[in-house]
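K.L.:
First the structure, then my questions, so here it is.
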Amino acid sequence: MAPSLSPGPAALRRAPQLLLLLLAAECALAALLPAREATQFLRPRQRRAFQVFEEAKQGHLERECVEELCSREEAREVFENDPETDYFYPRYLDCINKYGSPYTKNSGFATCVQNLPDQCTPNPCDRKGTQACQDLMGNFFCLCKAGWGGRLCDKDVNECSQENGGCLQICHNKPGSFHCSCHSGFELSSDGRTCQDIDECADSEACGEARCKNLPGSYSCLCDEGFAYSSQEKACRDVDECLQGRCEQVCVNSPGSYTCHCDGRGGLKLSQDMDTCEDILPCVPFSVAKSVKSLYLGRMFSGTPVIRLRFKRLQPTRLVAEFDFRTFDPEGILLFAGGHQDSTWIVLALRAGRLELQLRYNGVGRVTSSGPVINHGMWQTISVEELARNLVIKVNRDAVMKIAVAGDLFQPERGLYHLNLTVGGIPFHEKDLVQPINPRLDGCMRSWNWLNGEDTTIQETVKVNTRMQCFSVTERGSFYPGSGFAFYSLDYMRTPLDVGTESTWEVEVVAHIRPAADTGVLFALWAPDLRAVPLSVALVDYHSTKKLKKQLVVLAVEHTALALMEIKVCDGQEHVVTVSLRDGEATLEVDGTRGQSEVSAAQLQERLAVLERHLRSPVLTFAGGLPDVPVTSAPVTAFYRGCMTLEVNRRLLDLDEAAYKHSDITAHSCPPVEPAAA
């Protein structure tokens, strides 16, 4: 057991410590720090305050417990507090057990005892997170680096949990620290916390062929309407809208766009949305009422008669025929009376607007013409009377022809006298006439009387068949009802007089129109071998490329519009459409105003070259419509409805001379527009 120390020397040893403690306390009170700094540095400052005592303590420890063997009470006198004593003394005994008593003079014992008061040896703090370890009275304090916490500085501080660590966008926590980053499309600013947009469009290759638009944090590659961006190819590729089923009927895709087509021949056109179809309806009312007491002579385009009568009499009988007649047609057959073509007969016809009589008696034929011009559209009464040796033709009761004849029209056969009478045609081919004539006659007959007898059979037939009836009121012109067409075989190539020079071509069209509907083909060329439409002029109620509803006249080669011109198609007035095409030139005019070209100069030359190639092969000229062609063959395939006269290459087209004409088209008469309601 260690010898006890006397009180006197111990008290003397504690006096300097007390004096230093009072001085240190005075200094600590004089220095005032902010709360945060005081918290961080309170423990280190306490450590420094005890530094003098620690040095003194180390000297006492050397004398009391290293050079000599000390008791717990003596150790308490060295440390002057229980915590450090409680920490020191058990370990002091461990040093004795390990190295022997102080009296063995083992250097390891001295080192072991001298290190026991420093609780930072060995360092209990986490090496990674600790800035310094501070020894305290029986304890220690770990001063943590920024970003670390906990008693041993081994706990990471999550700076991102408070106000996102001060980062504008993304905060990344990591052991002992953190860093800011930005979303895609942004880059970190020099302050390390805020973000600024990256202009991806500064790179010319960002979108390749497409237009680049910078966006906050991103960018977009833009294409024109009708195109979609391909990120793999970095290019704009056409969108096939037809695969999306946008059109009600026929869809045609084109680069950046598409067009819908409707069955024009079926009476349909594009509706307002340019995708669906609607009926083509009249926009101008025409006076198409018909008279049940009239007989239309032009119904049969073939020239065959509209009425055939056969009279049989027991006694010799003479022909008497009277009727009212109206026409604008200058040529055609009114009636035939007689036997077969090699026997006796007469034909009453019109030529150049005047009555003409062809007759054949006993194999001898004659032709005579006389009287006023009667194709003025007014009603007049015409009569044919067979006398003993004469034929008398009267107009409005005035005799215009009196012709001596040798024989009778009624011919005896098997005990009866026979007479064939046909109206609007002859019972044989017109080439067998005395003088050939176009038999087709757009004329109207009423109040007919044959052989002074009442003809109820014909009247009843006409009454129930509107196609045999005439319009109640007509004007000069040709009427297209919207249900058919006519066509001609015309040649548009011209060979110059100079031998050896190349042939040239020309297409000039003048159309006088008074439309009843806003859609329909006025004029067109058709190549039968290719089933193509080399040229067309038509009314249309929309602009195909602008997808805008507008009343227009369109001039096109095949499906490509060369020129467009606005027209007030539904005003009930007559308009003049003029078209001129030749090598290097294509013009369209409406009422003297030139239309707008829809193609470049190079495209025009290419289209005209296509037209010329077609003109060097057989083509047919169509009026009022097209044959059964694909709806994509031309901008318009619908039939025209309204009045129209056509002049082609300075020649007036006579529908009676067409190679074909729909029976509902009237060649030389047209109903007027109905007067506006009062």
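Heads up, the Cβ atoms here are built off N, Cα and C, so glycines get one too.
Heads up, here are the entries from Swiss-Prot:
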type	residues	note
SIGNAL	1-30	signal peptide
DOMAIN	53-94	domain 'Gla'
MOD_RES	Ser71	phosphoserine
DOMAIN	116-154	domain 'EGF-like 1'
DOMAIN	156-196	domain 'EGF-like 2'
DOMAIN	197-237	domain 'EGF-like 3'
DOMAIN	238-278	domain 'EGF-like 4'
DOMAIN	298-470	domain 'Laminin G-like 1'
BINDING	Asp329, Glu331, Arg440, Asp656	Ca(2+) binding site
CARBOHYD	Asn420	N-linked glycosylation site
DOMAIN	477-670	domain 'Laminin G-like 2'
MOD_RES	Thr621	phosphothreonine
MOD_RES	Thr637	phosphothreonine
K.L.:
Of all the recorded positions given, namely Ser71, Asn420, Thr621, Thr637, which is spatially nearest to Asp329 (Ca(2+) binding site) at the Cα level?
P.N.:
Thr621
K.L.:
How many of the residues that make up the domain 'Gla' (53-94) does DSSP mark as helix, as strand and as coil?
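P.N.:
Per DSSP, the residues of the domain 'Gla' (53-94) fall into 35 helix, 0 strand, 7 coil.
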K.L.:
Which ones in the same chain are close to Glu331 (Ca(2+) binding site), with CB under 8 Å and 6+ residues apart in sequence?
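P.N.:
Sequence-distant Cβ neighbours: Ala349, Leu350, Arg351, Ala352, Ile437, Asn438, Leu441, Asp656.
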K.L.:
C-alpha of Asn420 (N-linked glycosylation site) to C-alpha of Thr637 (phosphothreonine): distance in Å?
P.N.:
44
K.L.:
Tell me which of the recorded positions Ser71, Arg440, Thr621 ends up closest to Thr637 (phosphothreonine) in space, Cα to Cα.
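P.N.:
Closest by Cα distance to Thr637 (phosphothreonine) among the recorded positions Ser71, Arg440, Thr621: Thr621.
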K.L.:
What same-chain residues lie close to the domain 'EGF-like 2' (156-196): Cβ under 8 Å, and 6 or more beyond its ends?
P.N.:
128-129, 145-149, 215-219
K.L.:
Taking the recorded positions one at a time (Asn420, Thr637), which has its Cβ surrounded by the most other Cβ atoms within 10 Å?
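P.N.:
For the recorded positions Asn420, Thr637, the Cβ with the most other Cβ atoms within 10 Å is Thr637.
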K.L.:
On average, what pLDDT score does this prediction assign to the domain 'EGF-like 4' (238-278)?
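P.N.:
Mean per-residue confidence for the domain 'EGF-like 4' (238-278): 93 out of 100.
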K.L.:
About how far apart, in whole Å, are the alpha carbons (Cα) of Thr621 (phosphothreonine) and Ser71 (phosphoserine)?
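P.N.:
One finds 137 Å between the Cα atoms of these residues.
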K.L.:
Could you count the residues of the domain 'EGF-like 2' (156-196) that DSSP puts in helix, in strand and in coil?
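P.N.:
Summed by class, the stretch gives 7 helix, 16 strand, 18 coil.
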K.L.:
Counting across all protein chains present, how many other Cβ atoms fall within 10 Å of the Cβ of Ser71 (phosphoserine)?
P.N.:
16
K.L.:
Ten-angstrom check, please: count other Cβ atoms within 10 Å of the Cβ of Asp329 (Ca(2+) binding site), all chains counted.
P.N.:
23
K.L.:
Whole-number Å only: compute the distance from the Cα of Ser71 (phosphoserine) to the Cα of Arg440 (Ca(2+) binding site).
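P.N.:
Arg440 (Ca(2+) binding site) has its Cα 153 Å from the Cα of Ser71 (phosphoserine).
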K.L.:
Where does Thr621 (phosphothreonine) sit by DSSP, helix, strand or coil?
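P.N.:
Going by the DSSP assignment, Thr621 (phosphothreonine) falls within a strand, counted as strand.
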K.L.:
Which chain neighbours of the Ca(2+) site, leaving out Asp329, Glu331, Arg440, Asp656, have a Cβ atom within 8 Å of the mean position of the site's Cβ atoms?
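P.N.:
Leaving out the recorded residues gives Gly298, Pro330, Gly332, Leu350, Asn438, Pro439, Leu441, Asp442, Asp654, Glu657, Ala667, His668.
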K.L.:
Just to be sure I understand the packing, how many Cβ atoms besides its own are within 10 Å of the Cβ of Thr621 (phosphothreonine)?
P.N.:
24
